[in-house]
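So that you can see what the record holds, here are the features copied from Swiss-Prot:
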REPEAT    22-109  repeat 'Solcar 1'
REPEAT    116-201  repeat 'Solcar 2'
REPEAT    206-306  repeat 'Solcar 3'
TRANSMEM  21-41  transmembrane segment
TRANSMEM  86-106  transmembrane segment
TRANSMEM  122-142  transmembrane segment
TRANSMEM  176-196  transmembrane segment
TRANSMEM  207-227  transmembrane segment
TRANSMEM  281-300  transmembrane segment
Amino acid sequence: MAASSGSPQLATEDHLRKGEAVSGLHAVVAGSVSGLVARSVTAPMDTVKIRRQLQLASEHKYHGILHTFRTVAREEGVRALWKGNVPASAMYVLYGSLQFGTYAWLNTAAASAGLPPQAHSLAVGALAGLVSSLLTYPLDLLRTRLVANRSAHFFSLRRQARVIWDTEGPAGFFRGGAWAIAATTLTTGLIFGIYETCTIAADTYGLPWLAAAASPTAGLVSKAAVFPLDTVRRRLQIVDAKHIPFFTRDPGAYSALRGTRFLGLAVHMVRAEGIASLYKGLTMALCKSTPTTVITLWVYQRCLRLLEPTRAPQLPA
């Protein structure tokens with residue numbers, strides 16, 4: 001890949017760099033594959049994170065990461081660590097294809113806007129996150145409902161969707177959607193912005209270690225920055241559920257909050273459980289975020305190298 005005139009020769013091939021011309025179809029295919037691979041590897045970690053996020057202060061079922069893993073596997077079977085994997089896998093495939101497809105299109109379309117490369121990546125990444133999260137949110141809600149189920153009985157995706165439709169209506173599939181989309185937009189923007197900042201600095205100053213650290217750094221910082229929003233929206237996704245007794249030992253506590261909006265639920269959590277409740281599951285989330293981001297970006301770049309062995313020249317910054 002050629003560097004633009006007057007800029008340092010790039011040490012690494014980066015399909016996410018400002019102005020990089022990537023086929024929309026190839027971006028969609030690579031994004032789908034990267035999303036599916038990342039989901040398959042990290043699904044059990046996601047289950048543990050969500051269980052921790054949904055546990056009320058009055059409950060003492062799960063104590064720490066390893067205890068949660070063991071408890072879920074012992075009481076519900078090892079397969080339970082992959083509960084919700086069907087909608088989650090579909091979501092990751094669709095999300096990955098939309099995210100990287102939108103990013104590839106905007107990356108060239110907005111290259112002439114005159115933004116610095118780092119700001120360009122952040123803005124394009126945020127818009128890509130907005131589009132992908134908006135169109136995949138119902139799958140995210142279904143995944144949360146299926147993962148939250150603590151019983152050994154597995155609910156089918158079709159049954160859960162039917163229950164939501166019958167008891168909550170079409171709007172039930174978008175419960176907490178606005179804040180979730182805002183959080184995902186911010187997360188995606190931070191991931192791409194931080195990733196490109198690190199890789200540009202690595203190429204400019206000849207720091208291979210910084211290039212290697214780009215993906216995990218982007219994942220950790222982005223996840224930590226928006227985690228409280230993620231925790232509140234997980235609670236919001238189940239608060240109106242018909243099967244709430246399957247999700248908690250204290251269904252009355254959730255039932256009392258039916259109809260509560262995002263900010264009201266956040267305030268209630270802080271008052272009833274302390275500000276630390278907003279960060280329940282953060283350790284697991286950070287442990288999951290690093291491999292998820294690394295796998296997603298690495299597989300995406302790798303797929304494009306296979307799909308596009310000859311690269312188009314980089315547009316001027």
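Using the three backbone atoms N, Cα and C, a Cβ is placed for every residue, glycine included.
Since the structure is predicted, the reported quantities are computational estimates derived from the model, not experimental observations.
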Problem set entry | Close approaches to the transmembrane segment (21-41) from elsewhere in its chain (Cβ under 8 angstroms; 6 or more beyond its ends) | 15, 85, 88-89, 91-101, 103-105, 107-108, 291-292, 295-300, 303-304, 307-308, 312-313, 315
Exercise. If you run through the repeat 'Solcar 3' (206-306) with DSSP, how many residues end up as helix, strand and coil?
Worked result: 81 helix, 0 strand, 20 coil
For this session: For the repeat 'Solcar 2' (116-201), give the DSSP counts of helix residues, strand residues and coil residues.
Result: 74 helix, 0 strand, 12 coil
Exercise. For the transmembrane segment (122-142), which stretch among 176-196, 207-227, 281-300 has the most Cβ pairs under 8 A?
Worked result: 176-196
Problem set entry | Same-chain residues near the transmembrane segment (176-196), Cβ under 8 Å, at least 6 residues beyond its ends | 14, 16-18, 99, 103, 117-119, 121-130, 132-134, 137, 140-141, 214-215, 217-219, 221-223, 225-226, 229-230, 232-233, 236-237, 262, 293, 297
For this session: Summarise the repeat 'Solcar 1' (22-109) by DSSP state, stating how many residues are helix, strand and coil.
Result: 74 helix, 0 strand, 14 coil
